[in-house]
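Look at TrEMBL and you will find His700 tagged as active site, proton donor. Taken from TrEMBL, the feature 5-methyltetrahydropteroyltri-L-glutamate binding site covers Lys18, Asn116, Arg521, Cys522, Trp567. According to TrEMBL, the feature L-methionine binding site maps to Ile437, Gly438, Ser439, Glu490, Asp604. Summarising the annotation, TrEMBL assigns L-homocysteine binding site to Asp604. Here TrEMBL flags His646, Cys648, His657, Glu670, Cys732 as Zn(2+) binding site. According to TrEMBL, the feature domain 'Cobalamin-independent methionine synthase MetE N-terminal' maps to 3-316. The feature domain 'Cobalamin-independent methionine synthase MetE C-terminal/archaeal' is assigned by TrEMBL to 432-754.
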Amino acid sequence: MASHIVGYPRMGPKRELKFALESFWDGKSTAEDLEKVATDLRASIWKQMADAGIKYIPSNTFSYYDQVLDTTAMLGAVPERYSWTGGEIGFDTYFSMARGNATVPAMEMTKWFDTNYHFIVPELGPNTKFSYSSHKAVNEYKEAKALGVDTVPVFIGPVSYLLLSKPAKGVEKGFPLLSLLSSILPVYKEVIAELKAAGASWIQFDEPTLALDLDAHKLAAFSAAYTELESALSGLNVLVETYFADVPAESFKTLTSLSSVTAYGFDLVRGTQTVELIKSGFPAGKYLFAGVVDGRNIWADDLAASLSTLQALEAVVGKDKLVVSTSCSLMHTAVDLVNETKLDSEIKSWLAFAAQKVVEVDALAKALAGQKDEAYFAANAAAQASRRSSPRVTNEEVQKAAAALKGSDHRRATNVSARLDAQQKKLNLPVLPTTTIGSFPQTVELRRVRREYKAKKISEEEYVSAIKEEISKVVKLQEELDIDVLVHGEPERNDMVEYFGEQLSGFAFTANGWVQSYGSRCVKPPIIYGDVSRPNPMTVFWSKTAQSMTSRPMKGMLTGPVTILNWSFVRNDQPRSTCYQIALAIKKEVEDLEAAGIQVIQIDEAALREGLPLRKAEHAFYLDWAVHSFRITNCEIKDTTQIHTHMCYSNFNDIIHSIINMDADVITIENSRSDEKLLSVFREGVKYGAGIGPGVYDIHSPRIPSTEEIADRINKMLAVLDTNILWVNPDCGLKTRKYTEVKPALTNMVSAAKLIRTQLASAK
């Protein structure tokens, strides 16, 4: 019985790739140094899977930045602004596309389906010239082969690649991206020919867009693409992998009728209905790669339950055609539980990171083949039972309070325009008020202070004094820059979710449970293992301290309940009501901040859009639940307290009505990297009466925008938004930037706001 892994984390168990990338970008190490770290990482991953007994081991899932960008490089689809002149794409061009450079901005970045991973969006048009320009896939296949490991090279499939792309700047918005299919397939054919020559026997195409609601025209593109590739693929076994949701019946039919395809991979964790489709009509003689081990969570698999699913499927497809797999790439989970030496042993027994999931996949395959490891299965069953019955998991009082929320709408009593009037009387802000999103640069010194305090190397007194000093610096800087609504800079916070999780009950934390978010940026999601409550105030002391340092309004900074849930590893047997528990905890914090004299409170819901299910039929339920969770947090505060929320990288246009329904007083939202796509909603006539700050510059790039560039952006916004509701702010928090970038960028931002204020005043 065979086993397969869809993909594996590439950062390394101790974030080796992150540090190598950042050292290279800072000019502290060479391209050879970076490549050496990458080569060692790949070798250890392949060896680990081979040693665990995995038969179908992936290659080309490693990336220096992003797998979609790797495909763009393979196809030579480099936007003109990077002045690439052809040949093999090197680090220079590759990283410029990902991060921008001194003269040109980066490509757009957006969420990979409903995960917290971001991919670099291809920019294509009728004049895009495609040519085979990165031999990475073939090189990595050969590299593994030289180590004695025969791998399955993995690609983003041609149709998904085009469906995830966008028309390049200057190309008509309605340009049919699928019309480029015949232009990109020749490059895929060249790669396939090279792989065959190198001895590959299997190839994997990831076509995750098959889990979306696709019309007949888009489905026809899959048939056309794989028919066109048929002769190139002959002699190879071809796996088409789907993940993250059920595959709709029509897509299932299209997929399973592709004659050039040997095997189909399905996510059977999130796609529970797909099992029924398989039972009612799986093509004879084809392989089923059954994704039963969850690639998106860190809970140990319920091996007994997975085994019974696999046995039912074996009866349908036959013993020799069933392959045990992960539900998706393991890049969405943490790397290795072995590195968690401080995690409490009971909770640890409930978990499996990527390295442990590889072992689970192999154990299930062996059990199906009649070689069940009884001791391993018994230990797993005991851990499942202890997780269900452990007293630390439930808190009846919290469950009752959350259950009681269901009936009410939880809205503030007054409408938003009346609230904004009351707030303006109190805050007295200028037209086009300026603010930032929350965090300021996290310096090496600051991280050292937090680390030493955690390790008890410095006293609480020394720690508080160091953080106060940092807040004072950030406040002074903002006053010098003449920003209108200030932030304290969040020097006490490691991460916007982890910081709150550490102060809430029901959460556990890892030392090395890092997951890639984009490029070299990793997050360490907390683990929600039980009912959630707030024992003590979490931010009040710091916000009050910061407010005492200035006469300008100081924002209280909180992370919203939906984002805390979406950016944590959540119990997979726990209903979404956990979110109501978190909302109640945040509600207490909001009320305590208000009582402490904080007049502006920001409740970030950066991940609200990200959690939107892939299938339209499930949207309304999710959005109602998410919006309600947010409204619970601030439904009982005074009209004069201004509630802000922030959302980042996502496509918001289709959920704008839910955003309005959140009923925040001001929303700040990513806008600059996506070419101001957000503004088109307002051009199309959506009326928005609350305050709004579409970001005026991209903070994910080291580039510093000029005053004129920002002023031009503000004018574009004023063409579709009323002057009295527009705020001026960056796209996102400034945590990852350096002060040498932040000061000039914010100086230019404030100058641009003042320039436009003057123009507006003289126009009157």
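Glycine is no exception: its Cβ is also placed from the backbone N, Cα and C atoms.
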Among Ile437, Cys522, Cys648, Cys732 [binding-site residues], residue with fewest other Cβ within 10 Å: Cys522
Arg521 (5-methyltetrahydropteroyltri-L-glutamate binding site): tally of other CB atoms within 10 A of its CB: 15
Spatially closest candidate among Ser439, His657, Glu670, His700, the listed recorded positions, to Lys18 (5-methyltetrahydropteroyltri-L-glutamate binding site) (Cα to Cα): His700
C-alpha spacing of Trp567 (5-methyltetrahydropteroyltri-L-glutamate binding site) relative to His657 (Zn(2+) binding site), in angstrom: 23
Which listed residue (His646, His657, His700) has most other Cβ within 10 Å, given these are recorded positions: His646
Count of other CB atoms lying within 10 Å of the CB belonging to Gly438 (L-methionine binding site): 24
Using Cα positions only, nearest of the binding-site residues to Cys522 (5-methyltetrahydropteroyltri-L-glutamate binding site) (Ile437, Gly438, Ser439, Asp604, His646): Ser439
For the domain 'Cobalamin-independent methionine synthase MetE N-terminal' (3-316), the mean pLDDT of the predicted model: 97
From Ile437, Gly438, Ser439, Glu490, Arg521, His700: recorded positions whose CA lies within 10 A of Cys732 (Zn(2+) binding site): Ile437, Gly438, Ser439, His700
Cβ-centroid neighbours of L-methionine site Ile437, Gly438, Ser439, Glu490, Asp604, 8 Å, sequence order: Thr436, Val487, Met496, Met557, Gln602, His646, Gly733, Lys735
